[in-house]
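Have a look at the structure below, then the notes.
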Amino acid sequence: MPMTDLLKAEEIKNALDAFAAETFDPKKFFELVGMTAMSADEVKKVFQVLDVDGSGFIEEEELKFVLKGFSKDGRDLTDAETKEFLKAADKDGDGKIGIDEFEAMVHE
């Protein structure tokens with residue numbers, strides 16, 4: 001399922017542009033793309049698009065490319081941004097982000 005089935009293309013582009021040259025802030029990004037206004041079920045659908053390997057988790061390697069999940073024009077996260085995102089979302093410390101952790105971070 002393309003991300004534009006869940007989110008507005010213009011909001012995705014504006015959010016990606018906002019972080020093109022600035023340090024990535026996942027909470028601000030989620031707000032800019034309109035995810036904070038979505039229901040928990042809708043956020044979980046976004047998670048499923050981002051969970052490229054279908055494991056039920058977004059692992060560190062997938063997280064590095066998370067912006068490409070929103071648009072092919074998205075940049076890769078730096079190693080520091082990836083680790084910071086993982087640290088902020090991984091509440092149980094297992095080194096990956098589960099669907100409930102993702103939803104909780106969006107609606108925090």
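Cβ atoms are placed via backbone N, Cα and C, with glycine included.
Annotation comment: TrEMBL describes ASP51, ASP53, SER55, PHE57, GLU62, ASP90, ASP92, ASP94, LYS96, GLU101 as Ca(2+) binding site. What TrEMBL lists as domain 'EF-hand' is 38-73, 77-108.
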Margin query: Within a 10 Å radius of its Cβ, which of these binding-site residues (GLU62, ASP92) has the fewest neighbouring Cβ atoms?
Written below: ASP92
Notebook entry, point to check: In terms of Cβ proximity under 8 Å, which residues at least six beyond the ends of the domain 'EF-hand' (77-108) contact it?
Noted result: 23-24, 26-27, 30, 35-36, 38, 40, 43-44, 47-48, 50-51, 56-60, 63-67
Checklist line | Local Cβ density at LYS96 (Ca(2+) binding site) - other Cβ atoms counted within 10 Å | finding: 20
Notebook entry, point to check: Among the binding-site residues ASP51, SER55, which residue has its Cβ surrounded by the fewest other Cβ atoms within 10 Å?
Noted result: SER55
Next item on the list: Would you report the average pLDDT that the model assigns to the domain 'EF-hand' (38-73)?
Entry: 96
